[in-house]
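For 2-179, the entry in TrEMBL reads domain 'Porphobilinogen deaminase N-terminal'. As annotated by TrEMBL, domain 'Porphobilinogen deaminase C-terminal' applies to 192-252.
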Amino acid sequence: VAMSTTGDKILDTALSKIGEKSLFTKELENALERNEVDLVVHSLKDLPTSLPPGFTIGAVCKRENPLDAVVFHPKNCGKTLSLLPEKSVIGTSSLRRAAQLKKKFPQLEFRDIRGNLNTRLKKLDEKEDFSAIILAAAGLKRMGWENRIGQLLSPEDCLYAVGQGALAVEVRAKDQEILNMVSALHDADTVLCCIAERAFMKRLEGGCSVPVAVNTILKDGQLYLTGAVYSLDGSDSLRETMQTSVNYPQQNEDGPNDDVQHVGITAKNVPGPAQEAAENLGVELASLLLSKGAKHILSVARQLNDAR
């Protein structure tokens, strides 16, 4: 069942200005609630950290490359952002991307661009308005347009969005049959990384309207989470990294603990203590940034964005 959402329809306004938390999810959740569909597939980064009552994320699929990618206008083929002429205009409607890249490439200009992938690529190719646009590498790969990626932005250049590159399957929380069925799609590593990222975002009360970014690595049972917050122009920022062990064996936890949600995710086939450790990591990292002044940076960013 193909569906359009508010975020798909309002294409003349920056996402951060529409002010609706469930831009790409509400219509789908309505259909789920009315039993018209049994599961809905989202980009995890579109899903708020608190889901409406009665819903849960029953599966988080293996993450595609979470990095951001630069797609260049045909005349700039073969270049990188640092090689573009001064005052070149870069299209992105993401406050997170703009904040980081303004700081890194002060010689470039950043302007809003909206629309689905087709529309954005068309705007880039057919007009002279933009020298390049920034998109999620995952979306380009899934659409089969990987050859358009001119430059992948490393986490040093640009930390990515919470949940970026992962697909989430949302279901009715009480629908055990569907929940059991989709749980086979869970990728344990992706689940743990995304729980940490979502817990970080939730503790910060971040969303579309403020620049919050992450980078997560899971290696040898250790989960490393880097999180950052930025002012709109990137001049003010806080960035820290923390780690925790998520090396726990899977136990058969039949009984009341079955349906514990961690930031909206139900993952029965991932060890409970590992999920808890991942969630705690996100909360602790956010608390550290808040103790260093993150709240001020974010509230100023939110006010400035509202005033734009």
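Using the three backbone atoms N, Cα and C, a Cβ is placed for every residue, glycine included.
Mapped onto DSSP classes, the domain 'Porphobilinogen deaminase C-terminal' (192-252) shows 13 helix, 26 strand, 22 coil. Confidence for the domain 'Porphobilinogen deaminase C-terminal' (192-252), expressed as mean pLDDT, is 92.
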